[in-house]
Amino acid sequence: MEFILGIFCVIFCLRAGAGFGVDPSLQIDIFEDFQLGEATPGVQQVQGFHNRSKAFLFQDTSRSIKASAETAERIFTKLRNKHEFTILVTLKQAMLNSGVILSIHHADHRYLELESSGHRNEVRLHYRSGSHRSQTEVFPYILADDKWHRFSIAISASHLVLHIDCNKIYERIVEKTFMDVPPGTALWVGQRNNVHGYFKGIMQDLQIVVMPQGFISQCPDLNRTCPTCNDFHGLVQKIMELQDILAKTSAKLSRAEQRMNRLDQCYCERSCTVKGNIYRELESWMDGCKKCTCTNGTAQCETLTCSVPNCLSGFAPAYVPGKCCKECQPVCMYQGQMYFEGEQEAVQSSSGACVLFQCKSNTMQRIESPECLPLNCPQSQHITLRSGCCKVCKGHDFCSEGHNCVEYSICKNLNDKAVCICRDGFRALREDSAYCEDIDECTEGRHYCRENTVCVNTPGSFMCVCQTGYLKIDDYSCTEHNECATNQHSCDENAVCYNTVGGHNCVCQPGYTGNGTVCKAFCTDGCRNGGTCIAPNICACPQGFTGPSCEADIDECTEGFVQCDSRANCINLPGWYHCECRDGYHDNGMFSLSGESCEDIDECATGRHSCSNDTVCFNLDGGFDCRCPHGKNCSGDCTHEGKIKHNGQIWVLENDRCSVCSCQVGLVMCRRMVCDCENPTVDLFCCPECDPRLSSQCLHQSGELTYKSGDTWVQNCQQCRCLQGEVDCWPLPCPEIDCEFSVVPESECCPRCISDPCQADIIRNDITKTCVDETNVVRFTGSSWIKHGTECTLCQCKNGHMCCSVDPQCLQEL
C-alpha cells in the first residue's frame, strides 16, 4: 500500500510541476461565452484593471444577464462531476452593494453561487455538497469598497482556499462539492435572477478554471503545493474502488469454489427419469404407443403412426406384448379360420369327447387338456369356452388371468373372455383398445363450459374456470361478481368502488389523489417544513411549526415553552430554539440545551477587559469592573482595540458605522445607533426602517410578498433583510456543538448531536478509521458497497462503523 501511495504522489507532483500555463480547454471565460458587449442591455464596456481583456460596468437593475440553454450546457459539461476548480474575477464593487457575482442554480438549489455583501462586509460561497444539502461558507472581508481587487476561490475536494490580491486570506476544510447539475439549470452573471442579487460595479476576467490550483493564472508567482486535496481524495477513491473490485472478486471466487464442490458431489449429465428408468440426454425409447426422447432433461413424446406390415405366406399382422404396432406373426389355418401362434381351439370329437388343438409352427397340433377342477356353481351357470375343454362359472374373472391393457386402458370381463376398454375421457390408439390417449375436450369442442368461463383440459376430463371478475355457480357456469358489494376489491379506504362487467374500478374520493388502489390526501397549498398531509387540506406539522400549511414557526422563547438558565438568552430558530450564553459568559464545553453550561468569563484574567493602566480590573459575574487603587486619582479612561479612549468619550466603530460606543469609567459600552425617523438627516443605511421610498421596498424570493426597507425574515435557513431595495441574506447562526455524529432534522436548519452514526447525515470523516465488511475486506470511511449475498442491501463505512440498509425501490425492481 505504501508503495502505491508513493507512486501516486510522484505522478501528482510531476503533473503539478509540469508548468504554470493554463490549458485553454480547462478555462471557461464567462464573458466570452456570454458574448457580452456594448449591445448587451444593462451593462457597459468600460476601462478595466488592465487592457488585456474587456471590463463591464454592471449598474442598471433592468438587466437580465442569463446564459442561453446551449451556452449553459456547454459550460456545465466542463464542470459536471468535477471536484477541483477555481472561480476567478477582477472586480471593483460599489460601496454598500450586496450582489451576486456568479450563480448556478436549479429551482431552490444553489449548486454554486458567489456573492459579496457590502451590508455585512463579507463574501459568501453557496454550494451543494455531496450529501445533497445546501452549504454556505462565509468569509468576513470588505470587498465592496469601490476599489480594484483580484479575487479567486479555489475548491479541491474538501479543501478551499481564498485569495484576494494574490494573498491567501482564508483556507478551510469544507464538505465536498456536488456539481452534478441537472438539465434546465440556470447560469446568471451579476445577479441571482431577474429580481434579486444585483451586483453593482465593474467586473473583468470572470473565469472558471477546471484544474488544480487555478489561481496561478491570475497570480503566477503564488506557490503551488503537491499534490492537491482533490488528488489525495482521488487516490483514496481509487483505493476504495480497488477494494470493491477485490471484494467482488473474492465473492465470485468463493461462489465458484462452492459450486465446484457441489459439482464434485453430483451427477451432472442431463438425464430424464421416467417410470423409474433413467435415460441419458438425446436417448430415445418406446413408451407404449409413444416414441420419447430425452431433451434438455425433459422427456418429449409423440404418438406413433402405425402402418400395416406386408407379411409373407404363413404370417399375418398381429399385436405383440410390449409393442404398439402390429408385427408379422406365424398363423395356422383350421376349418377355414386363422389362428395365431399359441392360440387354442376346443373341438368336440365324434365320441363327444373334448379335443384341444394349439397353433404351433403354422400347424394346429393336438395337445393334452389340463385336468378340470370342480366348479362351485350350478350346472346352469356353466359356460363352455372355445379356447379350452374346461368349463368355467358364469362371471369368471378372466382379467385376473392376465391381460395386455396398458396406458389409460382397463381390463373388462365378458362372458367368455377379457377385453380392453379406454377409460372415460380417453380414446383408443388401436382397435384392441390396449393403448389409449387423452381426449382434449376443449380444443375439440366436446365440453359443456358456458359463457364467462374458460375451458381447461385435464387428463380424462376438463374443467370450467371462471373469467376474472366472475363467480362460479356450478361446474359449468359463472356469473358476474360484484367485488364492491362483497368487499373483495382492491380499492383504497379513501376511494369509491364502482362495479364493472368482469371487474371493478377504484376512484379516489374528493380531496385525495392516486390511482384508486392507493389514495393520498391532497393539501391545496401543500405542507411546508416537513409537514404531512393527513386529510384533505389538513397538515400534521412537525414539532416547532404550526399553521394550516405548517408555514409558521413556533417561537418557543416568546411563547414561554422553554426556560433558559439565568446566564443564557433564548434564541428562536426555525422549528427549534437554543439557549445562548449572555455577554460575559461562555459555554464550558458541555453544550447543555437549557444554558446550564454557561459560566462566567474572567475578563481580567483573559485580558478581555477595557480598563486603562491606572485602574485595576475586578472580575464580576457576567462582567467586570475597573477600580481605582486606594489613594490614587484615576482617569477612568478605557482601552478599546488597542487605543485609549477617554472617560466620557463617544465614537463610531471603524468597521460598523451603525454602532456607537462610549467610555464610562473604564468600561466600554457599545450599542446600535438610535434611529430618529423624524430627523431628515438620519442615516438610512443604519436606519433602513426610516426609508419611506417605494423604490427601497424588496420583493420576497417567492415573488408573493413585499417588504419595507429594514424588514427581516427567514428563508431557506437564511436570515434575510431588505436594505434600500436590496435583499441580503446570510446563514442563520447555529449553536456550537461538539460531537462526532450529528443530524439536521427535516424542516430545521441547525445540526443536533446523535449517538447512532448510522442515523447521522453530517460526519467528520476520518479515513484512518476503517470497517471490516462481511467478507473480511477492509473498507475506508466513506466507501459504500452492496452486501455480499444480497442485491438490495447497501452498506457504508461511517468513521469505523458499518451501516447497512435495504433499498425498497431496489426490492420493487427485482
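The first residue you see is number 1, and the count goes up from there.
In case you wondered, yes, glycine gets a Cβ from its N, Cα and C as well.
Note that the coordinates shown come from a computational prediction; the quantities given were computed from them, not determined experimentally.
The record in Swiss-Prot lists a disulphide bond between Cys399 and one of Cys377, Cys411, Cys420, namely Cys411.
The disulfide bond recorded by Swiss-Prot for Cys550 joins it to Cys541 [selected from Cys541, Cys557].
For Cys564, the disulfide partner recorded in Swiss-Prot among Cys557, Cys579 is Cys579.
Residue counts of the domain 'VWFC 2' (636-691) by helix, strand and coil are 3 helix, 25 strand, 28 coil (DSSP-based). Cβ atoms under 8 Å from those of the domain 'EGF-like 4' (521-551) belong to residues 494, 510-513, 574-576, 745-748 of the same chain, restricted to positions at least 6 beyond its ends.
Secondary structure of the domain 'EGF-like 5' (553-599), assigned with DSSP and counted as helix (H, G, I), strand (E, B) and coil, comes to 0 helix, 18 strand, 29 coil. Long-range Cβ proximity for Cys626 (disulfide bond), meaning a same-chain Cβ under 8 A and a gap of 6 or more residues, is found for His609, Ser610, Cys611, Ser612, Thr615, Val616, Cys617, Phe618, Cys634, Gly636, Cys638, Val665, Gly666, Leu667. Cβ contacts within 10 Å of Asp438 (Ca(2+) binding site), excluding its own Cβ and spanning all protein chains shown: 17. Within 10 Å of Cys557 (disulfide bond), counting CA to CA, the recorded positions Cys442, Asn572, Asp600, Asn633 contribute Asn572. Summarised by DSSP class, the composition of the domain 'VWFC 1' (270-329) is 0 helix, 31 strand, 29 coil. Residues near Asn613 (N-linked glycosylation site) in space but far in sequence (CB under 8 A, at least 6 apart, same chain): none are found. Predicted-model confidence for the domain 'EGF-like 5' (553-599) is 89, expressed as mean pLDDT. For Asn515 (N-linked glycosylation site), the same-chain residues 6+ apart in sequence whose C-beta sits under 8 angstroms from its C-beta are Cys506, Cys508.
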